[in-house]
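Here's what Swiss-Prot has on this protein:
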| type | residues | note |
| --- | --- | --- |
| SITE | E61 | site 'Reversibly protonated during proton transport' |
| TRANSMEM | 3-23 | transmembrane segment |
| TRANSMEM | 57-77 | transmembrane segment |
Amino acid sequence: MNPLISSASVIAAGLAVGLASIGPGVGQGTAAGQAVEGIARQPEAEGKIRGTLLLSLAFMEALTIYGLVVALALLFANPFV
């Protein structure tokens, strides 16, 4: 295996996980903050807000998992070899 391709795959895998987690991390923080603010304003809507928050957090976390899958594919099933 070419060492240049091998090292580029490791760097790309690290970037895939790192960059794939930036957006969802910011989005999850914003969503959680807005949910807490909404619950503080309307405590009677806490159940509905919490359910919507958990669903949206799961969708955001899926983006990070996709980045992890790409990184694992680059490390263990390298298509460039």
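Positions of Cβ are set from backbone N, Cα and C atoms, glycine also.
Listed in sequence order, P24, Q28 are the same-chain residues six or more apart from E61 (site 'Reversibly protonated during proton transport') with CB atoms under 8 A from its CB. DSSP gives E61 (site 'Reversibly protonated during proton transport') a helix state.
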